[in-house]
Amino acid sequence: MRFLSFLIFVFAVLGLVQAQDQSGFISLDCGLVPTEITYVEKSTNITYRSDATYIDSGVPGKINEVYRTQFQQQIWALRSFPEGQRNCYNFSLTAKRKYLIRGTFIYGNYDGLNQLPSFDLYIGPNKWTSVSIPGVRNGSVSEMIHVLRQDHLQICLVKTGETTPFISSLELRPLNNNTYVTKSGSLIVVARLYFSPTPPFLRYDEDVHDRIWIPFLDNKNSLLSTELSVDTSNFYNVPQTVAKTAAVPLNATQPLKINWSLDDITSQSYIYMHFAEIENLEANETREFNITYNGGENWFSYFRPPKFRITTVYNPAAVSSLDGNFNFTFSMTGNSTHPPLINGLEIYQVLELPQLDTYQDEVSAMMNIKTIYGLSKRSSWQGDPCAPELYRWEGLNCSYPNFAPPQIISLNLSGSNLSGTITSDISKLTHLRELDLSNNDLSGDIPFVFSDMKNLTLINLSGNKNLNRSVPETLQKRIDNKSLTLIRDETGKNSTNVVAIAASVASVFAVLVILAIVFVVIRKKQRTNEASGPRSFTTGTVKSDARSSSSSIITKERKFTYSEVLKMTKNFERVLGKGGFGTVYHGNLDDTQVAVKMLSHSSAQGYKEFKAEVELLLRVHHRHLVGLVGYCDDGDNLALIYEYMEKGDLRENMSGKHSVNVLSWETRMQIAVEAAQGLEYLHNGCRPPMVHRDVKPTNILLNERSQAKLADFGLSRSFPVDGESHVMTVVAGTPGYLDPEYYRTNWLSEKSDVYSFGVVLLEIVTNQPVMNKNRERPHINEWVMFMLTNGDIKSIVDPKLNEDYDTNGVWKVVELALACVNPSSSRRPTMPHVVMELNECLALEIERKQGSQATYIKESVEFSPSSASDFSPLAR
């Protein structure tokens, strides 16, 4: 299938259609002049307007007149970009809304060079696709489904070689947020088919969302159609023509087969199949079939299309194929009297968008600064100010923290011919550390809001002769306490300020040099001491028989005697908890609260776990791993001393045992993100990598600020650093959270932790126990999948939340969790991917709490019961 190639034919002149509502449509005829006009394209009845208000660069042009009669009017003009490497369209939209975005590129020898262009297309800071024009009269269409992360969107054309980027039309169509849901990334269209041997191609207004449908019917199938109306009112709103036609096998006793292939065998796909029974079956007649994938994997069992009503079946988690081939077989069951059918098929490829946008407020501020000071002609000031780093705006420095948006940390507009007052928009750059506005023609007062910019340490306003020299009182206080340096011109009695500041900076620099020298000397001595005697673990003699096969722990750091443990716990006065390892007590050490875990006098395995935990915690440090304060290895007395986590474990907080306050959805997402970051650090930040092996809510502890930290590393195992992805080990863990593949094979990998974490995510969403024999499906994984067959997310969400959450965000978490608990470890995501997804879910909730204008439809789609296989589709 070459769907995008077929799309070019759609832009040929079609028959007239009737008008429908185009609310929310953005239809741009790129390069249209005069820019103020709009027109209605006759063959589609879509209203187009110029792109001029969405972009401030580029040159209008028109395709050669000889080609114009072959295409719809919005293709005749175009905009090319001979200047600058990146040129971007800017849209102000609503965050979290879902859009179909389509760019069309018809060369038509507009420049008379007969030179076929190639360039890249970006969505925000991420590459969307490479555009290569196949012929003078041909072109390219790029289409994707994308959820906005912020309330602005940039679509950029990036020059990659000697040819000039251009664009013919750009179209945005709002979609229902409950449709085309992914665990991550956006969707690029591979094919959108309805089953007919002949045209027409379908788009608006037959498709209210202006999706483009291509007719398709191969010689192994025949056409089934009806003149009766079909109910298409589920979330996907397929056109009537799609619903009223279907493909069935030529031989009614044979299965229906649909095959396609993708060039990129690593790509992930989502498949949407639309079904409706369009024959009037008698009472003793049945159409029932199974859907299998690539030779036997069950996709859907005993499926019966509803009578004259569309139902959509899709995979809740992306699928891939080892060789890039996708083969679907629709086979009659033994109960069926009629062959299988299918009415419509949509195939999408996942486009991951790993690069986060710069903070929204900072982007808005920079756009305002660009407009206020007339900086639109700066060729690099296009698109996202910081991302990707290769295209960062000239004059900016940015920081790029892990799993967080880029931040603008310095702005240099020195000598930029700025005039007028200093805009207060600069104060919205909350991460800004240095601001240079020197050598311009700025006037007016120094904004008092600069004093509220807590990260700002340097302001250079020198060379602005018309700027008011008075300094706001609040800003002067920061200058006086040395938290901010202000460089400005002075006259008269204050003329020495710049010199004084320069001298002060020089003095500080000299002190820093001296301190650096002292630090190097001290550090050198420390290394000499370390070289003379290691302060880690060494082999020694063990007194207890229970430890006869293990080394003792000998270190000079963090080691306490048993009497010191008695003192810090006041003779074990207050019990915090009990477990198989022993008892945890409250303690105080140097006026700091601690938790003391005393190991019971038991087996050699207990000591091994104790030793493993000490060894791990002495060498790993992360803000989301419980910190080890020290340990006791005194005769038969073994203890671990941890930082005290005031709010106890996650299970206690979810159940209400620790507090009557219900954990909000935002807090739950924050806890999930932080626990995932701790786990991701064990997998990727440690050398050698570590597997926790016992991830569960009771091992996720919360401090007084509800910050989450992973605890209990007694079962943790390390991996060799030679590329091994798994090790064979005796199965250990907690029933209900144990990876079934690990249990079956004894092969342990990081994906075993991913499985356990997926179970924890389901508990966070549902507040249900992992095992409950009174449920129809005892294990929480099976119960969630069973409950979601009706597409109603509310049926599983913790009722204590009182529906105070973003439904789309909950769906994303549940689908991520179900991907984590996939029985096959190879199909589970990695922890970095989990962290990225959860960060997006947290951002959705934070934006909702801050008053986002986005609205979502919460109804669910009716859906036939599915089997509980790996690929059971979810409905919504």
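Every residue gets a Cβ built from N, Cα and C, even glycine.
Computed from a predicted structure; not experimentally measured.
Within the list Asn138, Asn653, the entry that Swiss-Prot describes as N-linked glycosylation site is Asn138.
Around Asp694 (active site, proton acceptor), a 10 Å sphere centred on its CB holds 22 further CB atoms from the protein chains shown.
Taking each of the glycosylation sites Asn460, Asn468 in turn and counting other Cβ atoms within 10 Å of its Cβ gives the largest count for Asn460. Helix, strand and coil content of the repeat 'LRR 2' (431-453), in residues and according to DSSP, is 5 helix, 6 strand, 12 coil. Here the CA atom of Asn335 (N-linked glycosylation site) lies 74 Å from the CA atom of Asn412 (N-linked glycosylation site). Of the listed glycosylation sites, namely Asn335, Asn455, Asn481, the sparsest Cβ surroundings within 10 Å are found at Asn481. Mean model confidence for the domain 'Protein kinase' (570-842) is a pLDDT of 84.
Listed glycosylation sites: Asn138, Asn177, Asn327, Asn397, Asn412; maximum Cβ neighbour count within 10 Å falls on Asn177. Secondary structure at Asn412 (N-linked glycosylation site), as computed by DSSP, is strand. All protein chains included, Asn284 (N-linked glycosylation site) registers 6 other Cβ atoms within 10 Å of its own Cβ.
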